Ligand SMILES: Nc1ncnc2c1ncn2[C@@H]1O[C@H](COP(=O)(O)OP(=O)(O)OP(=O)(O)O)[C@@H](O)[C@H]1O
């Protein structure tokens, strides 16, 4: 019930349309049920001579011209039956369009709510989230609910009405015949319910197998270059075939089980219809019931058995929808990032001060431990250190992607956590370690944070990022479309577009998180020179493993295991024994070796 309530919650704004669709199916059922009653009256009382007992039917017959008139003009009954069928069709059409509209609206609502919520979840959530699973929740889980609302839930309304209305008429016509006609209804209902609850496991297994198959396919297509580079095609094909085989077996098993179900329930239904026919004919022959009553009961029998047989399936699908809505709510219940929009939005100059900053992702596992340093506006600070020493974590604190646990970070003397999050993110430009480009043109990618920015600025930013000339070599220049994830560009080109995308915003603080690693040393130097030559020089933080990238910084911080173990400029650090000097010597000797190799 809780799950159904949750589904109804998403139907906000569509409940009335949905209710109208249920009313339509009830009316369609009503016109379907009325037809056989008219046939019965025609056989028994218009062609035959039996008295009509129902006052409503007497009125209808009188309205159509009276018994005698109709007996001589039976075509009028035919026309009446056609009109009933037209009404039935009309209400079925209404039911379908209204339920589709309501369910499509509900699905749209769900997708919008999910998308909106996912955008507002904290950075931390996205770092750990399983993207494939999130996509499944936004697509196939929503689709399961949409299908249930569009088809099955309305059918429940129609089925209940058919059961109640038809049984009412049957019992009014003849109690004994009604009891015979409904004898197997509970049996079929229980059989359907038990069968579909047992088969639900196979349904779920098939769903999971389909999910696994798509994951293998998605992973393979995304990493196809790695597959080819490592000549893993055979292994990948075998992996895919194994999942494909499993999926096929499960679907086949399901189809076989369903075939059994329909065959058995068809058999039970046919026995039931047979019983009605045999007993009905016997009783009609003995005069216990009229011929018209026999015709009505045989027609109603079909109407009654179909929805009862479907009920088990509907209940199973309801179970699936309840699971799906639970998975959607799980995402929606994730707490959103608190943006503290009433916080300060000061003009940022670019002075940064870390004082005894401590940070941990998980309790008792410190990643930064008492980090202190100061940067004056416009200065460049470089951070160097072994992998996992906490460099990225440190710079992620600046745009408030994570909150520091202890100590103080000040921007222009203001405590960082008193500044509005969105504001600080606009003022701290972060070029991430792995650049992600959208499937848009190069120009659109550079303008992503502000599409209204003038083209001249795009060009300037691209020049500073040393990518302008590369872009001009493409046939369509800045209008070149970047493939999914930017596959048509080299790693270095992607990094430089990501740099242009950040510096175009002229943020007072810019952070390069190892984002020059894929460009050669010369381009690296020319980017840094262009950055330094800008009119309003930003405070720049550069993370790099390369001494040539960090050596011109005003201050170099050497980080190890979350602590600053050395600080100073290049010359100062070379005079001291320590990590910096060691890295310098290793990189120097490597370069010497390379030079020797190329000379020889
Ligand atoms: N989201 C996270 N949750 C938990 N632990 C994390 C998370 N991100 C990073 N870590 C851990 O924090 C430590 C520091 O990681 P960080 O990425 O800051 O290092 P780094 O110096 O930038 O490394 P690299 O040079 O390889 O990029 C590592 O031990 C890492 O495993």
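Even glycines carry a Cβ here, placed using N, Cα and C.
A TrEMBL annotation is a machine prediction, not a hand-curated record.
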Looking at 16-39, 40-63, which one does TrEMBL call transmembrane segment?
16-39
Flag the pair the transmembrane segment (16-39) / the transmembrane segment (177-196) as in contact if three or more Cβ pairs fall under 8 Å (sequence separation 6 or more).
no
Taking pairs 6 or more apart in sequence, does the count of Cβ pairs under 8 Å between the transmembrane segment (289-308) and the transmembrane segment (149-171) hit 3 or more?
yes
Cβ-Cβ under 8 Å with the transmembrane segment (74-94): same-chain residues at least 6 beyond its ends:
20-21, 24-25, 27-28, 31-32, 34-35, 38-39, 42, 46-47, 64-65
